[in-house]
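Noted in TrEMBL for the protein shown:
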- 27-315: domain 'Gcp-like' (DOMAIN)
- His114, His118, Asp309: Fe cation binding site (BINDING)
- Thr140, Ile141, Ser142, Gly143, Gly144, Asp173, Gly186, Asp190, Asn281: substrate binding site (BINDING)
Amino acid sequence: MSSQNIYILGIESSCDDTAASVIHNGKILSNVVAGQKIHEEFGGVVPELASRAHQQNIVPVVHQALKKANITKEQLNAVAFTRGPGLMGSLLVGTSFAKSLAYGLNIPLIDVNHMQAHILAHFIDEEGFEKPPFPFLAMTISGGHTQIVKVDSYFNMTVIGETIDDAVGEAFDKSGKILGLGYPAGPEIDKRAKLGNPKAFKFTKPKVEGLNFSFSGLKTAILYFIQREVKANPNFINDNLNDICTSIQYTIIGILIDKLKLASKQTGIKHIAIGGGVSANSGIRQALKNGEQKFGWTTYIPKFEFTTDNAAMIAIVGYLKYLEGNFAEQSVMASARLKI
Ligand code: KG4
Ligand code: ZN
């Protein structure tokens, strides 16, 4: 088969989304995600429930991805899967499924690092979306991670800053929990942040040296602030919800942009990409765009469906590794703490 006609199946199961995608020569043919509603009532992902749901979802999700791509499994050239980082039980479901499928079809198996995938999603062929030139800076912001990565080539990346405690998505979700919002709270805070005053309430930014982040202090500051205000006015949250959300989002975005400015200054790199669930946030997207005027950045913001966990990003890494002949052995193991 010519190198012009490569079909790769990508499988993602690192957290609470079971996803499968087919990519053909760098272009996504299907991108199927089954979310798991079961976690909502617990206010966070319950690992044991997540792996059970993955087991139920994985066969129909892969089936649907192949169907939407209008190909049969026999046409696949390789199977790519998320090896880590993530929840061990969840990763095991995708890993064992991918191994069996590749083995049964007698085609290569390709292991993918989830954090690299959030970054390399920018290399999916997509009309209207530019691919960043090397080197560029990528900020991955999700429910599990907050990193600034210097990307010198597809597989030569260095983490130059990361959170020392909570991830930025957790800052959104935990703040939301304090306010009584559902899980995950990021999208709801984002929606309300369009309606309030960003300077209504002031939260101090954490003082962390260099390019590292910290978000746990902010969560505590918000908790104490709300407890104090609710004591004085039991309806404080209801009366001010939009302003509170807007102020929280404004503070978080300020923290992210400050660190990006520093990273850009230290490295001299002005091409800046974002990825991960929180990059769906309309405020961070706008702040990044503003950086083009203010700081001379060129920014790369992924298509919405490639920001939160998805398998298209796993499929593009699978394709890039396929072109390099970089395959995994059948003995490869899931790795919950896999590093970039
Ligand atoms: O990348 P992702 O889907 O899963 C992880 O790998 O963690 O990210 C999920 C996170 C959650 O914390 C969720 O609240 C956050 O992304 N998120 C948002 C928005 N959409 C999702 N946070 C802020 N604004 C949004 N619009
Ligand atoms: Zn993710």
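For all residues, glycine too, the Cβ spot is worked out from N, Cα and C.
Positions of TrEMBL features highlighted on the structure.
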residue: His114; record: Fe cation binding site; Cβ neighbours (10 Å): 27
residue: His118; record: Fe cation binding site; Cβ neighbours (10 Å): 31
residue: Thr140; record: substrate binding site; Cβ neighbours (10 Å): 28
residue: Ser142; record: substrate binding site; Cβ neighbours (10 Å): 25
residue: Gly144; record: substrate binding site; Cβ neighbours (10 Å): 20
residue: Gly186; record: substrate binding site; Cβ neighbours (10 Å): 27
residue: Asn281; record: substrate binding site; Cβ neighbours (10 Å): 25
residue: Asp309; record: Fe cation binding site; Cβ neighbours (10 Å): 27
*Work out how many Å separate Asp309 (Fe cation binding site) and Asn281 (substrate binding site) at their Cα atoms, rounded off.*
14
*What kind of secondary structure is Gly144 (substrate binding site) part of, going by DSSP in three states?*
coil
*Out of His114, His118, Thr140, Gly186, which binding-site residues lie by ligand 1, with a C-beta less than 6 Å from some atom of it?*
Gly186
*Nearest to His118 (Fe cation binding site) in three-dimensional space, by Cα, is which of the binding-site residues Thr140, Ser142, Gly144, Gly186, Asn281?*
Thr140
*Going through the binding-site residues Thr140, Gly186, Asn281 in sequence order, which have a CB under 6 Å from an atom of ligand 2?*
none
*Pairwise Cα distance maximum in Å, substrate-binding residues per record: Thr140, Ile141, Ser142, Gly143, Gly144, Asp173, Gly186, Asp190, Asn281*: 18
*How big is the Cα-to-Cα gap, in Å, between His114 (Fe cation binding site) and Thr140 (substrate binding site)?*
11
*Listed in sequence order, residues not in His114, His118, Asp309 with Cβ within 8 Å of the centre of the Fe cation site Cβ atoms*: Glu12, Ser14, Thr82, Met115, Ala117, Thr140, Ser142, Gly275, Gly276, Asn310, Met313, Ile314
